[in-house]
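Structure first, then comments.
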Amino acid sequence: MHEWALADAIVRTVLEHAQKENASKVLAVKVVLGELQDVDAKIVEFAMNELFKGTIAEGAEIIFEEEEAVFKCRNCGYEWRLSEVREKLDERMREDIHFIPEVVHAFLSCPRCGSHDFEVVKGRGVYIAGIKIEKEGEQ
């Protein structure tokens, strides 16, 4: 259900942007999915296609890019990737992070010094990286 809510927000944003730009058609949408969010791109794509039906975005190409999650320890400065520590997360933890990414601090610590005081450098959240539109008379 979380993916449908994300898809709805993306679709509303795309259509608002298209309207502001006086677009006659939305040709493509590029969406970046942060690895930490653990979003199912297939569900988001299906939901977006359903929500685009009957709009100027119907049939638009949907492109997904996954952004790798990277963390930086505020204590020792060490940077690491989620892929390096993923095995420490069980299914329940991954689901908790999926809904509330900030809880990652409760489940992970710096591999070098053990501190839970780290920042998410990238790979968190979902955002629109690009919208390709067509205006009346353009091709």
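Just so it is clear, glycine is given a Cβ too, placed from its N, Cα and C backbone atoms.
Cβ neighbour count for HIS2 (Ni(2+) binding site) (all protein chains, 10 Å cutoff from its Cβ): 15. As annotated by Swiss-Prot, Ni(2+) binding site applies to HIS2, with the evidence given as sequence analysis.
Among the features that Swiss-Prot reports, Zn(2+) binding site is placed at CYS73, CYS76, CYS110, CYS113. Within the same chain, residues at least six positions away from CYS113 (Zn(2+) binding site) with a Cβ under 8 Å of its Cβ are CYS73, ASN75, CYS76, TYR78. Following the DSSP three-state reduction, the secondary structure of CYS113 (Zn(2+) binding site) is coil.
Sparsest Cβ environment among the binding-site residues CYS73, CYS76, CYS110 (other Cβ atoms counted within 10 Å): CYS76.
Geometry remark: HIS2 (Ni(2+) binding site) versus CYS110 (Zn(2+) binding site), CA distance 29 Å.
Other residues of the same chain near the Zn(2+) site, with their Cβ within 8 Å of the Cβ centroid of CYS73, CYS76, CYS110, CYS113, are ARG74, ASN75, GLY77, TYR78, SER109, PRO111, ARG112, GLY114, SER115, PHE118.
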